[in-house]
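Okay, so here's the structure we're looking at.
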Amino acid sequence: MKFEKNQGKVTLLAIGFLFLFIAFNSADNLAAKIMKEDGFDNMGFYSMSLLYLAFAFGSFFSTAIVNKIGVKFSLFIGGLCYFFRIFCFLFPAYYNENKEYREQYLYLKTGFIDSMILVSAMINGLGSGILWTSQGKYVSSCATDENKGFFFSYFFFIFMISQILGNLIAAFVIRANGQPTYYIIMSSLSFFGSLVFLFLTQPSEESKVSKILKDSEIIVDNKKLDSIVEKQELNQNLINTLERQTLGIVEIADLQKDPYKPKKDQVKVRGKFKQDLIDVFQMLVSKKMRKIIPLIIWSALSLATFAGSFVTMMTATMKEYDWSENEQLEMSLLAMIPLGLGEMSGSVIIGKIMDKYGQKIAIITCSIKLSISILLILAYIAYFKYSVLTFFVTFFWGFQDSNLNNILNCILGFEFESNTVPFSVYSLVQAIFVFIFMIVQSLILTRTDYFIYFSVCYAYGIVSLFILYTFDFKKKKNDQEKIQLSEDQGLLEEETKEGVKILNEDLIENKILNY
């Protein structure tokens, strides 16, 4: 297996996310149900809603913050915000298991616990914005146009192992050791995941000059040169000349494409906090982004469904089984494991499709998988009984979710000039609509409600994919470079031949004079 350049850096990033979300995903899946059982009514649901509202707010400022403090520290701070949220779940967990001490200690009083859960949700949401914007920027900086599908799918493959491990740990630890032990373990894992981000290094890039020099295959005839030193000097002179010429060509080409593109010494001015906020707003309302936003909204619905609805819906189908509340939780979490398997396998497949066949074929593939997942969930609602079908529902939901997320990440990372601002817009829009969909899902009470809701969602999902299909995608970079490279090579070869001719004449003349 070929090891891609920067793959090790993306691996380290994914490992940090793996540990962080082993903790968060299972805790988030259980938040609404566990807090209700602990005597806090809908506080878990309200805190999740507040989290995504704060996520939207934080996303608007995320580009400015990431540009200000850098990707590595943005990831670390964002990770600590997740850690704080998970740690605060210890308070309702201890409240549930220490009934006799509730009036004695402040941390066991309901008012204090409600406040901490809501404050931690808000902090987590603000941190989420900078975390996910940094992730998109870092992965797209590590990838190229030729392997972007591989890199994003590779990241999500490792990242989504968290769904499997997180739910397995939750299923067995809660039943055997109770909630406090579970949240202590998860807090430790999330803190470790945050620390991993501090070891990230800057992605390395192959310079355009080196690539042109390498691909041009210009051969210098050194037969007339007797000395090895003379050959080395000539080669170095040619390389220096070619680099200067190539830089000039690249700069001219860049100016032709975008005459208003800032120069290197102007980048710092453009990176100011206020300008970054303006960039996010302009990107949000741009014509190009308007074709992507409908699918971002669908991704919000997909996330809200498995984060807020699946566990609640599954426990509702267990009424005929004589299971305790902890057993119901255990079975629900086990049924969420195929979601992670679907995410992992879907990421690998869609990554290969995007790199080999392009984005439009990937969109068609995604629409087919979306249709299968919706048909399965409608069949599950009609049957409404916890069974093998439950596991197929979660698997295919993860399958389609990984497809749309990989497609979105590749578009946001490579179809725009910036690889930071688009991810801020993505997080902003997604978070707002996760909040809205969670409110809507809290009103769904009957099987008929679920059936109508998912039928409407399916129609919307297909429309959003069709709109994205009309997006004016860039031509594959390697195809563009072949055309540009041939033009550049022609110019470079002519100038190089002239340079070699002059250098050879000078060297021969010097030899004659010396002789």
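Glycine too: its Cβ is placed from the backbone N, Cα and C atoms.
In TrEMBL, annotation is done automatically, which means it is predicted and not curated.
Predicted, not measured: the structure shown is a model, and the values here were computed from it.
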If TrEMBL is the reference, give me the range from 20-38, 115-133 marked as transmembrane segment. 115-133
Counting Cβ pairs closer than 8 Å, which of 115-133, 154-174, 180-201, 450-471 has the most of them with the transmembrane segment (423-444)? 115-133
Contact between the transmembrane segment (115-133) and the transmembrane segment (180-201) (at least 3 Cβ pairs under 8 Å, separation 6+): no
Of 73-95, 154-174, 180-201, 331-350, 450-471, whichever stretch has the most CB pairs under 8 A to the transmembrane segment (292-311): 450-471
